[in-house]
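I have placed the structure first, in the form of structure tokens, so that the comments after it can refer back to it.
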Amino acid sequence: MSAGRLWSSLLLLLPLFCSKSSSCGLSTHVEIGHRALEFLRLQDGRINYKELILEHQDAYQAGTVFPDAFYPSICKRGKYHDVSERTHWTPFLNASIHYIRENYPLPWEKDTEKLVAFLFGITSHMVADLSWHNLGFLRTMGAIDFYNSYSDAHSAGDFGGDVLSQFEFNFNYLSRRWYVPVRDLLRIYDNLYGRKVITKDVLVDCTYLQFLEMHGEMFAVSKLYSTYSTKSPFLVEQFQDYFLGGLDDMAFWSTNIYRLTSFMLENGTSDCNLPENPLFISCDGRNHTLSGSKVQKNDFHRNLTMFISRDIRKNLNYTERGVFYSTGSWARPESVTFMYQTLERNLRLMLAGSSQKNLNHVSSPSASYTLSVPYARLGWVMTSADLNQDGHGDLVVGAPGYSHPGRFQIGRVYIIYGNDLGLPPIDLDLNKEGILEGFQPSGRFGSALAVLDFNQDGLPDLAVGAPSVGSGQLTYNGSVYVYYGSQQGRLSSSPNVTISCKDTYCNLGWTLLATDADGDGRHDLVISSPFAPGGRKQKGIVATFYSHPRRNDKELLTLEEADWKVNGEEDFSWFGYSLHGVTVANRSLLLIGSPTWKNVSRMARSSHKKNQEEKSLGKVYGYFLPNRQSTITISGDKAMGKLGTSLSSGYVRVNGTLTQVLLVGAPTHDDVSKMAFLTMTLHQGGATRMYELAPEKTQPALLSTFSGDRRFSRFGSVLHLTDLDDDGLDEIIMAAPLRITDVTSGLLGGEDGRVYIYNGMYTTLGDMTGKCKSWMTPCPEEKAQYVLTSPEASSRFGSSLVSVRSKGRNQVVVAAGRSSWGARLSGALHVYSFSSD
């Protein structure tokens, strides 16, 4: 078959294979398996399983997708649906372990090694599906974006995850051939069922369809990014990071099942507890406190059929125990993928060459800091303070995804000390700088940071959030650790105070803030978790612990001991997603964002259950502490806008008048773009509102608005005000971390990101980005004093940012959360220096 004919066949096959079938998720499962292997270390036993799997990637990758092979109707009209269903549960793993131990004693030959690698891939799929389908991700996605419809989220999420994977991640590790241990699988199924339930031809045909689909996804699936981004902002924002069922959480659970599988392969199952749900397997005498449930993961099928033509079968190579699938010439570099990449490069060069250089663009940072550890999430959160009391600002950076071999996502915090020149003006690998390291498996230490004097000894202390502590028990309670400062300017090497939460899925420490909560003029510790139950489901919790000199060393506190605590008002409203403290007329005002608030009370009065105008409006609450009743409320007015995702405040001149302002981000707000006489909707382009904080007014008055200029850019998802030119006014800094450079928003390019800096002297009333000299609106660049552009494509430049002040200069540090400069998706920090000239 020619490359063109096969390419056409793949385009036809993809929608048939994926539409409304839970057999999709091939790219997602392959990516999970790849990440799980990165930090795998199984110390006990006679076999180096990591080396074995690395040697047999062809079998391992095929195994990560295999359990879904027989679900879709395209596979023999769905006749073997039950075979796929049974492959997802512990009895299949148990049968496989016994089969290998009975038939293939150590040392193993190569075919048996491939069988073992294939089995490891299957176990990854098992536990990943449970987190994705049954426990966490899709259920929350349904609640947030699909009116509590799990089935709608399921339909969009399975294939949408593949679209997002292909758009955001580089699959250059994908093996060009796969191996399926056909003979061994047939015998395992015979043992599992006690009879013959499937034939060799069915097994080969249906797994080969998976192989073709996986490589078909590599060609064109990423071009559907805009479709699935529009359907579900939650999918785009939480796909990798969500605490229960996000990619990294599924990779963590894969490493757990690998440890158990290796133990059973070498020692048998007699010392193991094997419930039907593989998440609850244990071989150490301990079991999880949660009870497992078996939920059938497939609900949708079509009566479709397809056969594999004879001329495609020439890419199958049978062996005594299995079959190899290969791509042939159609997937080589000169294929469609290569043509897409070449077209993208040429268009980028053409656009760059034809456009006049913008004088306000800053494309080169003064320094960049990286890590050589993949998936570290460097710069997930940052703060600055003079920790060593030398008069210079220091930079504190969280990397909650940092891992060691055998210690997945324990997390780290890095401290970079400033001097007369500010932060070090050279590129750094931060592993050589000051470090605090987490100690709980997948605890994600470093997810939140706050600097305050918690024990009031005159020295700055550091609070660090680890919201996924307890993930190994499926409780995700979370913890906050406080490290006391010392006279030597260094922090304690171990936490002096630990604050914990007893509620399942509490996620304590997701956000931290230092602000004066009791009116004594000293900062106190504010802790929030938008995912905490709050009495029901993800209402969110915000709590405050006052700083005082009676704080003891090695103190253990619980959330119930908080001095001040407030819950969200609606399920899945994510109260506490953002926090900001500000002083207004000598009173402490705590602002709390609830971006997925949807006005349930008004929805209940509506005659339409699915009122499109009520979803994720967002809301901001303002509390004059220590009052527990909100005095200020600001509500969103646009469905899916998520007002309150970000908050910041400062002083600027508005039409020449000095004004204390509050900025509120709505990064998934839709806007209208005008291009000459044409108009189009900028879905999730993002907007920011600027309000006046006036002591004589009960509610803040809206002054100005800012809007992004690209679809899906999330303009305003990060906000910051700081005085960069020492004129007594704050500059307004806004980030659009998902901004795609080309106007097609997904057909070419990736999530590059961009940061805009507006001079605080020149803000005006009304639409700041709508009055444009150019032929296109909005125009966020025109009024900006500086536009920081990403030095790396597809890096989510602007995922977080912070300002650092020293005696000699003011600096802005911008994180690129998906940078691969140091290692794959490890993150990077870029430093920009500004003077008062």
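Every residue gets a Cβ built from N, Cα and C, even glycine.
Pulled from Swiss-Prot:
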- Asn94: N-linked glycosylation site (CARBOHYD)
- Asn267: N-linked glycosylation site (CARBOHYD)
- Asn287: N-linked glycosylation site (CARBOHYD)
- Asn303: N-linked glycosylation site (CARBOHYD)
- Asn317: N-linked glycosylation site (CARBOHYD)
- Asn477: N-linked glycosylation site (CARBOHYD)
- Asn496: N-linked glycosylation site (CARBOHYD)
- Asn586: N-linked glycosylation site (CARBOHYD)
- Asn599: N-linked glycosylation site (CARBOHYD)
- Asn655: N-linked glycosylation site (CARBOHYD)
- 364-425: repeat 'FG-GAP 1' (REPEAT)
- 431-492: repeat 'FG-GAP 2' (REPEAT)
- 785-837: repeat 'FG-GAP 7' (REPEAT)
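Feature annotations (Swiss-Prot) mapped to structure.
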| residue | record | Cβ contacts under 8 Å, 6 or more apart |
| --- | --- | --- |
| Asn94 | N-linked glycosylation site | Thr269, Leu274 |
| Asn267 | N-linked glycosylation site | Cys283 |
| Asn317 | N-linked glycosylation site | Val323, Phe324, Ser326 |
| Asn477 | N-linked glycosylation site | Val469, Gly470, Ser500, Cys501, Lys502, Asp503, Thr504, Cys506, Asn507, Leu508 |
| Asn496 | N-linked glycosylation site | Asn455, Asp461, Val482, Tyr483, Tyr484, Asp553, Lys554, Glu555 |
| Asn586 | N-linked glycosylation site | none |
| Asn599 | N-linked glycosylation site | Glu614, Leu617, Ser635 |
| Asn655 | N-linked glycosylation site | Thr763, Thr764, Leu765 |
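Taken residue by residue with DSSP, Asn317 (N-linked glycosylation site) is part of a strand.
Broken down by DSSP into helix, strand and coil, the repeat 'FG-GAP 2' (431-492) contains 5 helix, 24 strand, 33 coil. Summarising model confidence by region, the repeat 'FG-GAP 2' (431-492) averages a pLDDT of 95. DSSP assigns Asn599 (N-linked glycosylation site) to coil, not to a helix or a strand. Under the three-state DSSP scheme, Asn267 (N-linked glycosylation site) falls in the helix class. Under the DSSP three-state reduction, Asn94 (N-linked glycosylation site) is assigned to helix. Taken residue by residue, the repeat 'FG-GAP 1' (364-425) breaks down under DSSP into 0 helix, 25 strand, 37 coil.
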